[in-house]
Amino acid sequence: MTVKTFRGSPALSEFRLTQLQQKCQQYQLPITSVYAEYLHFVEQKTSLVEDEIVKLQALLHYGSMFSELKPAGYCLIVTPRVGTISSWSSKATDIAHNCGLSKVNRIERGIAYYFNIERDLTEAELATLKDLLHDRMLETVLNHETEAALLFTQQEPKALTTIDILNGGRQALEQANIALGLALADDEMDYLVESFTALKRNPQDVELYMFAQANSEHCRHKIFNADWIIDGKKQDKSLFKMIKNTFEQTPDFVLSAYKDNAAVMEGSKVGRWFPDPDGQYRVHQEDVHILMKVETHNHPTAISPFPGAATGSGGEIRDEGATGRGAKPKAGLTGFSVSNLVIPNFEQPWENPLSKPNRIASALDIMIDAPLGSAAFNNEFGRPALLGYFRTYEEKVNSFAGKEVRGYHKPIMLAGGIGNIRGEQVQKGEIPIGAKLIVLGGAAMNIGLGGGAASSMDSGKSKEDLDFASVQRENPEMERRCQEVIDRCWQLGEENPILFIHDVGAGGLSNAMPELVHDGKRGGKFDLRSILCDEKGMSPLEIWCNESQERYVLAVAPENLELFTALCERERAPFAVIGEATQAEHLILHDSHFDNNPIDLPMNVLLGKTPKMTREVLSKTVENQSLKIESIQLKEAFHRVLRLPVVAEKTFLITIGDRSVTGMVARDQMVGPWQIPVSDVAVTTASLDSYHGEAMAIGERSPVALLDFSASARLAVAEAITNIAGTLIGEMKRIKLSANWMSAAGHTGEDAGLYEAVKAVGEELCPALGLTIPVGKDSMSMKTTWIDNGEQKSVTAPLSLVISAFARVEDVRKTLTPQLRTDKGFSSLLLIDLGEGHNRLGATALAQVYKQLGDKPADVVKVQRLKDFYNAMQTLVAEDKLLAYHDRSDGGLITTLAEMAFAGHCGVEVDISALGDNDLAVLFNEELGAVIQVADSQLESVREVLKAHNLLGIIHQLGTVTADDRFEISRGSHKLFSEKRSELRSIWAELTYQMQRLRDNPECAEQEFEAKKNPDDKGLSAFLTYDVNEDITAPFINKGVKPTIAILREQGVNSHYEMAAAFDRAGFNAIDVHMSDLMIGRRNLAEFNAMVACGGFSYGDVLGAGGGWAKSILFNPKLHEQFSQFFINPNTLTLGVCNGCQMISNLAEIIPGTENWPHFVRNKSERFEARVSLVKINEVDSVWFAGMAGSHMPIAVSHGEGQVKFKSVEQFAGLKAQGIIAAQYIDNNGSPTELYPANPNGSSEGITAITNLDGRVAIMMPHPERVFRAVSNSWHPENWTEDGAWMRLFRNARMVF
């Protein structure tokens, strides 16, 4: 075989090159300029002929939007790691084969960097430069393209090694423990020596590694299951038993707890929407139960933030999908706690420039890269990210261990979410003897080794290379393919071939497969070489124990293997049968290459009664001084608090994440016409035809634990309740909690504090409230230690409990937001003060911004009053008594009021005379409570409800809402604070601006920041030239044969369900059509009246967004002919949305009337943009937009490559002259715009929808299918009832037939 190199397009934009050059300058590298472009390396089985080369060059021409320069200068080429096959390569090679390029064995891609240098680089400088350019776990740096042949060399498999404990005894095991990073405790080593001595043989390295992962703190939760002795007194219960006590006291509505990958609670009976085996989408009336899971991925995120956070979200998604016999993930949440950001040129008064170890990322780097990783995975998988929190803390304080630095050098990366599951598939099935044991998903690579053990160590106790090796890498498009297989399986109901399923996470197959057979009360016999591998030189340990992502393990009965195989092949999801279940509970792993058994162990040695931990600890108390606030000025204090990340605007964390996919999002973070990120709760609909739904909210007050462990835990639970109380749930028992506990186990005072906190929640507060904690996670190594110039240093996180609350929702339309209303007549603002006037300032945002801690923190004052508050809110929500609601939390009352004013784009006038004597204490305390806006006409009836729930004594009328730009606080006649709301809004937005400036295109960051300063911004609006509530297809319903539409998808597409639902509502028969169906002839486009290409990430956007999908059609003669015939047929309609829009734009050469169509390239911001944008519909001759011309309407936008790119100025002029620009982005004044973020991608003149000349073919980047229901719009006018404005587009299509 030979390797041929093809140049590609420029890889980096001008500002990205500038950023790279600035990094080089930071390290004083003698580099004056940088240029980068893609190189493609093609391994040929035999030489390609001329027309094949032309086809391949066309395939490899994609994404060109940057200035192309002539390569010159010192060159380094970054490629995938030698010996591996990248996920990009797998997808690009698949596309090439689908295009008929059978002589291509494999395509790989690299980036060539060209540097102009002032002098030769030293070895140290070269090493530094290489570190800046590549990820050493995944990539290699080559010096010349001639070295590319190394990428295609196959290495010989490495052999296993044996640890000689029969002769070397425990000492041999101790050496292996250090060398392999096993994190085995002393008693575990004794257990292993004893066990293998009894077996009369030495252990293999893979057996020890498997044992270490399966029995790590990360996997076995030894501290939570330990016996406890505190201050010499034996405790009655373990931590886990106290958590389980909540379920024992309140098991109501819980269907599965503590035994599966996620917990399940009772949901609603609704019309579930999915395709039947014949391919037609239909409604299925059934119970749709709710599953919930929240994970953390702290250690990997500290080491390598983007992949660490990405695989954190990916692993949690797999947990949901692998619940029961298969389930469907639905909506996600994320959270981050880090040390101080110290943003260059935006340093804050409370931030100390403390050091950190080199092996971990800085807080700033984590918050630039980790949220992108988490968002990217959710986006590509197709799960909306609707909820989150972000806290920074790093301060030298007097706490339980004396004066020390407390903070989050080891960060918290929280990943969680909800999903849905069928009632009959909640419980896992039986595994029969002989069942096929299957790995579904991507191939193994030598990455993510030892993640479970590494996560169980305090940061600093393992070697740096082991730290880095323990970080996994992500491939979300592969996980989407796997999920499609799981969906096809559970959708078969009783015919579901999946009997048992687990996800592959910490420990890889070494943990997942033993867990699968052990839970099924079986053993297993496995074939090592049946495992799919993308790295042939791996040892048995590396194959069995690596944590390559996007994999699941399943048990399938032999008679159902053919069905399962067919489902996988249709979705192009790789899988391998690697073993069979055995009656004997014994694990055998055979290696046919070396003809030996790397594993031959009884299950009870691996997962049996390993030594139980006993924690003998002492409790500690702390005495602190009260806050020194005498010299603090209110204005300065509030400005500081508004800049503190836990309070500041977090748009930079939100608009990077898709919040509309599924079409079932009823409440995301962004609130009201001005899309302000202040929602307390996330809400989804249970189906695409119902108002039942699900809600999620977060509670977290970790700094309080530096003063009072149990108060911090109680506040986390209570805050989750005050956040979720603004939607219609019903009785509190309906709410279920996930508890994620983070602690520095072994640190002075922390163990006893952890026990105290768990007891406060598990034994006291939750049982008193009727709350259950059926799921959770612990991370017990939240301490970072290192040596700095010979000095031992450490940063220890506070005990951190993050509570995530989940609930069934009775009616998603009854969800309050913090948006103050000025269009509802006279109204009043009321404070419900659950703190009952205590006004404690310990561990508040105010304390933090003045580098203090204080003495007394907030706490739950009366448990019954919290319950009364919740019940009162449920009554008020059900009866539509309130206009707005926002809980009091970080930043205190003044922040609550400001955020409500920001959301309402209005002013407030309040008087705090009745709340206490100390202004700062009144305004900045973080006691529990909420502010409600009540129309004066409802004031008396609201008071009656509050009185009925014993709350009247803690209600305070604060003041009123005004339509101007003033934010005013008074004490009687004395004005304490008066400032323009718009100026406060600007201060609040500074953090987002600063982060976007560093991370994204700085020009876009500037434009958005300026837009936020505008006090006259009108916000989103809707002006329709038709009646939104009119169904123009009503005369056709149930008359004649329905037209059929192909809901076309390729691997990685994720928006097909909601697209099918929209067309079904319009009167079509919607048919699920995968490209694989067309390729092998299961389906033909000639069967359909219409076709829609759906949104998502086909082929993971390899070869350009939509490019690979399109080229697999253009270069496949059979598909080329089929699509061409469909497009020229005057009786057909075609729609392309988002990824489908990008794809169809690349088919322009076979679509009549499209000679002036543009291509779509990367957004100007160079960031995935998820926004609600305003568009204007133009007068075009197209059935799709009939009757809509002149309308201004909001629509969901979610894409990374939506900017139009024309071949020439003449082509752009030609498009305009043809009058086929159907829609343009407009600003809030109704004018087409190129300014960000009103125009989210920078398209010329705001172009976002185009038709062909006869109007039968339409392409558009925004998502009408995600907002065809009014309830799924983030904001909409109140006169919209069931249908959203975009339902008209789908009904227009039906009118043709």
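Backbone N, Cα and C define each Cβ position, glycine as well.
Not measured: the values here are computed from a predicted model.
Counting residues 6+ beyond its ends, the region 'Disordered' (301-329) has Cβ neighbours under 8 Å at 135, 137, 256, 260-262, 264, 291, 293-295, 359-361, 365-366, 368-374, 376-378, 381, 383, 409-411, 413, 415-422, 425-429, 448, 459, 467-468, 470-474, 476, 479, 482-483, 486-487, 489-490, 496, 498-505, 549-550, 552, 784 in the same chain. Per Swiss-Prot, the feature region 'Disordered' maps to 301-329.
The ATP binding site annotation in Swiss-Prot covers G308, A309, A310, T311, G312, S313, G314, G315, E316, I317, R318, D319, S889. For the recorded site, G308 (ATP binding site), the DSSP three-state label reads helix. The number of other Cβ atoms within 10 Å of the Cβ belonging to G308 (ATP binding site), over all protein chains shown, comes to 29.
Sequence annotations record features per position, and here Swiss-Prot assigns Mg(2+) binding site to D680, E719, N723, D887 based on sequence analysis. For N723 (Mg(2+) binding site), the Cβ neighbour count at a 10 Å cut-off comes to 25, with all displayed protein chains included. In the three-state DSSP assignment, the secondary structure recorded for N723 (Mg(2+) binding site) is helix.
According to Swiss-Prot, the feature domain 'Glutamine amidotransferase type-1' maps to 1045-1297, an assignment based on sequence analysis.
According to DSSP, C1138 (active site, nucleophile) sits in a coil region rather than a helix or strand. The annotation active site, nucleophile is assigned in Swiss-Prot to C1138.
Taking a C-beta cut-off of under 8 angstroms and a sequence separation of 6 or more, H1263 (active site) has the following same-chain neighbours: S660, S1055, G1095, V1137, C1138, I1195, A1196, V1197, S1198. Annotated active site per Swiss-Prot: H1263 (among others), in sequence order, evidence recorded as sequence analysis.
The active site annotation in Swiss-Prot covers E1265 (among others). Using a 10 Å Cβ-Cβ cutoff, E1265 (active site) registers 31 neighbours. Under the DSSP three-state reduction, E1265 (active site) is assigned to helix.
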Average model confidence [pLDDT] within the domain 'Glutamine amidotransferase type-1' (1045-1297): 97
8 Å Cβ shell about D680, E719, N723, D887 centroid, Mg(2+) site members excluded: V681, A697, G699, A720, I721, T722, I724, A725, H886, S889, A930
Secondary structure tally of the region 'Disordered' (301-329) (DSSP, helix then strand then coil): 20 helix, 2 strand, 7 coil
Set of same-chain residues at least 6 away whose C-beta sits under 8 angstroms from D887 (Mg(2+) binding site): D680, E719, T722, N723, A725, T896, L928, G929, A930
Spatial separation of E1265 (active site) from R318 (ATP binding site) - C-alpha basis, Å: 26
Where D887 (Mg(2+) binding site) falls in three-state DSSP terms: strand
Euclidean distance between Cα atoms of G308 (ATP binding site) and E1265 (active site), Å: 32
Count of other CB atoms lying within 10 Å of the CB belonging to S889 (ATP binding site): 27
Those residues of the chain, 6+ apart, with a Cβ under 8 Å from that of G312 (ATP binding site): E295, T296, H297, P300, T301, G373, S374, M413, A415
Cα-Cα distance, maximum over G308, A309, A310, T311, G312, S313, G314, G315, E316, I317, R318, D319, S889, record's ATP binders, Å: 32
